[in-house]
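The block underneath contains the structure these notes are about, expressed in structure tokens.
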Amino acid sequence: MALFSLVLIPFVISSDVASACQNTDDFVSASSPGDIIIGGLFAVHSEMVHPEEHPIKPVIQNCAGFEIQIFLQTLAMIHAIEMINNSTLLSGVTLGYEIYDTCAEVTKAMASALRFLSKSNTSKDIVEFKCNYSDYVPRIKAVTGASYSEVSMAVSRLLALQLIPQVSPASSAEILSDKIRFPSFLRTIPSDFHQTRAMAHLICESGWNWIGVIATDDDNGRFALESFGVQAMANSVCIAFKEMLPAYLSDNTFHTKVDRAIEKIVKETRVNVIVVFMRQFHVLKLFKKAIERNVKKIWIASDNWSTAVKISTMPNIRKLGTVVGFGFKNKDVSTFQDFLRSIHERPTENNKFLLEYIMLLSVCAHLDNYDFQMCISSQSQYDLMQNVENRRQIWRDDFLNANIEPGFIHSTILAVYAIAHAIKGQCKDRNCKDPSAFAPWELLEELKKVTIIDDDKEIKFDSKGDMSSGYDVLLWKEVDGHMEITTMAEYDPENGYFIFEDEEKKKEFLDLKKVPSTCSQHCRPGQMKKVTESPHTCCYECVYCPENHYSNRTDMDYCYRCHNKTYWAPVNSTTCYRKTIHFLGWTDWFSIFLLLLSAFGVVLIFSISAIFTKNLSTPVVKASGGLTVCYIILLSHFFIFLSTVFFIGEPTEFKCRTRQALFGISFALCISCILIKSLKILLAFSFDPKLQNFLKCAYKPITIVFICTGIQVIICTFWLIFRTPFVKQNFSIPRAIILECNEGSVVAFGIMLGYIAALALICFICAFKGRKLPENYNEAKFITFGMLIYFIAWIVFIPVYVTTFGKYLPAVEIIVILISNYGILCCTFFPKCYIIIYKQETNTKSAFLKMIYTYSSKSVGSIAVSQISLDSKSSSSRITASDSCNAEKSSVNGNCHFQVSGQTPVKEEVVPKSAARTLSRKRLSSI
């Protein structure tokens, strides 16, 4: 196997913090010897000073911007290692450390990582290139850090070459959970996935959907922005604008882009919520400009700066509005606070961070509060060396304690303890005083299985190398004139909801809703969103829900349809209403009127029956066919009136099937009986021999009634069997359901009515032929009128029935039935009742015979004259053009003699009076 060696260019830093690198040992910022060395990467300075000289040389430059919070994290790492060494966790094995300052620069962090990869126990920092690093013993066994995700991504790729475990207490980028690209990276904090989801939930529950986002233009900012964008979309939150600020303060465009971001915030007046994914020194610059422009918003803080004391103590910070942040869960850090109280007694030879901090205290001793904070952050290492002489030595115990961020301190200590527990697992059967006792990749496998007891809870790394311990939701509140960072709620990342300690905390959370941040006004219940031309779905118009649709919540994307046909909704409705069921009820005034008409008809039937029964032996009753025929006709009229009852009330299957069949059969029976009477009249008064012979053969009353009615019974039976009527719900009216009877088959219904019409037509023809009956016995004429009334009523019924809808549709048929029934009833029986009651002198046998005799005599004479007229016409060619007859009439034997010129006399025999009397008796017997 080929073996190459890479000799690192030595970097040396002298005892003075301002001198250039001379050797790699001086490159270390803090160190302590031990059997097992743990590396540390922290951005104690916020930027690296870049020289303006040309050409640019590959030299590690000095850094500026001392970060108190991250300096405290380095002290937390040292404190944790010392606690482990002073405990029995690693019996007989001591931990050492080498901590490097990355200056928030990937370049400097990579230089530190290269030293981590160098071979252990060699005089020079040499990194060997090998195909297999399984037995390779690097300088360190594990790394704690880095402070920023962008740095951790670069360093982790380099450390993955030898699978050196890297446990970060602060890098939260979601991409670092990818174990394919970052196999040796772990962290003691949750992924940004949970943080961005928590932010989206907070924004959604507060009723905001139109927000702005500002992030740093680095890997951490871009990945956080991408993750938040996905979560915001899932919670129907729109991002009005996104502003990216340069990752490094040394960028010449930094201040210009900050001004542009502030202008964007001021311009978007509807945006009152700003989500900020930035480092603390970026937020300081942004807020300084925002205070100058009197920008007052709700700021959603990421875990990078949500607990930053140097930001919360800015002058006029309260003018910015409300700050709501997400921070790592606070834990007890009292032991660390005790450690800080004695920090000034510690030697500074091997801790350049501590030495620099002491120098900063001296330089900034004349300032107080925020100015003191800013003085420390703004000093460069070069400036310190120029101003350190003749400065009095001071120490401020309260300053470090005031700047503690418990979440980061706890996660740093947790990272060191996780590594220590993994080392304990490797050292059970090995001599760990020997640096080659185990390789870093073995420690990595052990680290993945480590379980730590923290506040009586077992915590461990998940499959992605994360510890999902949850978040504290923080609220910056002004108390006694200064800003305090308080815990408002806890966020459970596993279940995705907020947990409140008490009702007061919950009220603080709910009060956030008072500040609106929406693109459009909320759509009230009864309205829905209508997307406008804007590309954002959060910008919309509110339109009313159309008819038969409703919405019962605010900001609904669409209205629900009243799916069930039994419900309806007006325009702008918040609910569906049950449709009212309509039918021709018993209490309807029109129903009552029709029922009264039917009842009156029944009364007439019983009255007529009584009159006919009382006058049974009179000629008028006998001439009407006798009591049996009259009763059958009256009974059929009764059933016709009765059938109207089935058209009223709530339709049922029984009513629908009964009403038409009862009406049809009853009407057919009635017309059949009247047809018998019409045929009988023709038979009695017809003097045409041929017609009489035909009528005598056809006149079978019982058979005719049975056949005519039976055909209707067959029609109705087939109708009820194959296409029976049924109850139907008619939804043609928007707000009502009409219960009606569907006839099942329009064809069957038409055949039934058509058959009745055919019988009525035959009856009409027969009655019409007998219209010139005796004056006092003119029944045929009234039958004709009755049939005409029937035809007129049902001809009008057809178009009215077809064009009518609603609950009064059955009333149309009832009216037609009543009209036709009343017409036939009145025309059939009223004339007879009139004669019986008011013309009793004509309702005797002698009067009746006299009337028949007179009518028969006239009819016989008419026939004789008609025959002579026919004979005269046949001989008209032989008669002279004279209108008078010169014949001499002789009364001998009843003969008449006509004398025609040029011809022999014609002799015509006249019917004798005795013959007329005989004919009259025959007609009477027929009747």
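Glycine residues also receive a Cβ, built from the backbone N, Cα and C atoms like all the rest.
Bear in mind that TrEMBL entries carry predicted annotations, made automatically and left uncurated.
Averaged across the domain 'G-protein coupled receptors family 3 profile' (590-846), pLDDT in this predicted model comes to 84. What TrEMBL lists as domain 'G-protein coupled receptors family 3 profile' is 590-846.
Annotation comment: TrEMBL describes 1-20 as signal peptide.
Per TrEMBL, the feature transmembrane segment maps to 589-613 (among others).
Sequence-distant contacts of the transmembrane segment (625-649), counting only residues of its own chain at least 6 positions beyond either end whose CB sits under 8 Å from a CB of the stretch, comprise 583-586, 591, 594-595, 598-599, 601-602, 605, 608-609, 612-613, 616, 655, 658-659, 662-663, 665-667, 669-670, 673-674, 676-677, 680, 701, 705, 810-811, 813-814, 817-818, 821, 824-825, 828-829. Among the features that TrEMBL reports, transmembrane segment is placed at 625-649 (among others).
TrEMBL lists 661-683 (among others) with the feature transmembrane segment.
Among residues of the same chain six or more beyond the transmembrane segment (704-726), those with a C-beta under 8 A of the stretch's C-beta atoms are 632, 653, 656-657, 660-661, 664-665, 668-669, 671-673, 675-676, 679, 698, 741-745, 748-749, 751-752, 755-756, 759. TrEMBL lists 704-726 (among others) with the feature transmembrane segment.
Counting same-chain residues at least six beyond the ends of the transmembrane segment (746-768), those with a Cβ under 8 angstroms from any Cβ of the stretch are 660, 664, 667-668, 671-672, 674-675, 678-679, 681-682, 708, 711-712, 715-716, 718-719, 723, 780-781, 783-784, 787-788, 790-791, 794. Annotation comment: TrEMBL describes 746-768 (among others) as transmembrane segment.
According to TrEMBL, the transmembrane segment annotation covers 780-802 (among others).
Within the chain carrying the transmembrane segment (808-830), a Cβ under 8 angstroms from the stretch's Cβ atoms is held by residues 584, 590-591, 594, 597-598, 601, 604-605, 608, 630, 633-634, 637, 640-641, 643-644, 647-648, 663, 667, 670-671, 674, 740-741, 779, 782-783, 785-787, 789-790, 793-794, 796-797, 800-801, all 6 or more beyond its ends. Annotation source TrEMBL lists transmembrane segment at 808-830 (among others).
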What parts of the chain pack near the transmembrane segment (780-802), using Cβ distances under 8 Å and only residues at least 6 beyond its ends?
674, 677-678, 681, 753, 757, 760-761, 763-764, 766-771, 773, 809, 812-813, 816, 819-820, 823-824, 826-828, 830-831
